[in-house]
Amino acid sequence: MRKAVVVFSGGQDSTTCLIQAIKNYDEVHCITFDYGQRHKLEIEVAQSITKELGITAHKVMDVGLLNELAISSLTRDNIEVSHELQANGLPNSFVPGRNILFLTLSGIYAYQIGAEAVITGVCETDFSGYPDCRDEFVKSLNQSLVLGMDRALKIETPLMWLNKAETWALADQYKQLDFVREKTLTCYNGIIGDGCGNCPSCDLRRAGLEDYLTNKDAIMADLVAKQAEGQA
């Protein structure tokens, strides 16, 4: 039996990855992290989506220590999410160490249940300036986990080389575009579905959807080509 662990936030990207994982694996587990994020609604949305998609194994893990160490607009209510980059060249929504911690803990969970893969929705094409969404980082951490646990494990990144329009196309390929659009929470201001329309996350999501709906055939063809090359 093939098992996988999906790092699941209830957002567009992780939900699309989950939908794909359900098709590709015999048993899918989800893990969601409570790190004192700006909106607790994120966890409720994640729980609701997993139930709707028939996932029976969904672990919500308390990693509040990350909130104590990582100061970000996503961990502090008194810091407004900004469209401008900080002096270090990163957006103020970057939570340092988040994906390092999440993927490491997910790898441990995969070890315990005998899963062959950890699946995450990080994406270098639309990575918003986050260094821990880069392919180079994921491959490096993957190697460290394999060495540290002396067990084969693959961190899968189905969206790594897709832009947002192609990510919408992937959801549509599984006949779940409307589900992803209506049920997920991507907005930094905590509004489900199409969101506030003003934050950086909503801007990226909306632009991708508009692009896909306007150029469906061409974008779907691009997605299929990337899938044939093993890039999705």
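Just so it is clear, glycine is given a Cβ too, placed from its N, Cα and C backbone atoms.
Under the heading ATP binding site, Swiss-Prot lists F8, S9, G10, G11, Q12, D13, S14, T15, T16, C17, L18. The Zn(2+) binding site feature in Swiss-Prot is assigned to C187, C196, C199, C202.
If you draw a 10 Å sphere around the CB of Q12 (ATP binding site), it holds 26 other CB atoms from the protein chains shown. Between the C-alpha atoms of L18 (ATP binding site) and C202 (Zn(2+) binding site), the distance comes to 21 Å. Classification of S14 (ATP binding site) by DSSP places it within a helix. Considering only the binding-site residues C187, C196, C199, C202, F8 (ATP binding site) has C187 as its nearest partner by CA-CA distance.
Taking the Cα atom of each, S14 (ATP binding site) and C199 (Zn(2+) binding site) are about 19 angstrom apart.
Here the Cα atom of T16 (ATP binding site) is found 21 Å from that of C196 (Zn(2+) binding site). Across the structure, C202 (Zn(2+) binding site) and Q12 (ATP binding site) are spaced 11 Å apart at their Cα atoms.
You'll find the Cα of C196 (Zn(2+) binding site) roughly 15 Å from the Cα of Q12 (ATP binding site). With a cut-off of 8 Å between CB atoms and residues at least 6 apart in sequence, the same chain places G195, C196, C199, S201, C202 near C187 (Zn(2+) binding site), listed in sequence order. Surrounding the centroid of the Cβ atoms of C187, C196, C199, C202, where the record places Zn(2+), the chain contributes additional residues within 8 Å, namely T186, Y188, N189, I191, G195, G197, N198, P200, S201, D203. Neighbours of the ATP site: apart from F8, S9, G10, G11, Q12, D13, S14, T15, T16, C17, L18, residues of the same chain with C-beta atoms within 8 angstroms of the site's C-beta centroid are V6, I49, G121, T184. Here the binding-site residues are L18, C196, C199, C202, and the one whose Cβ sees the fewest other Cβ atoms within 10 Å is C196. If you take the C-beta of G10 (ATP binding site) and look for same-chain residues 6 or more apart in sequence within under 8 angstroms, you find T32, E42, I43, V45, A46, Q47, S48, I49, T184, L185.
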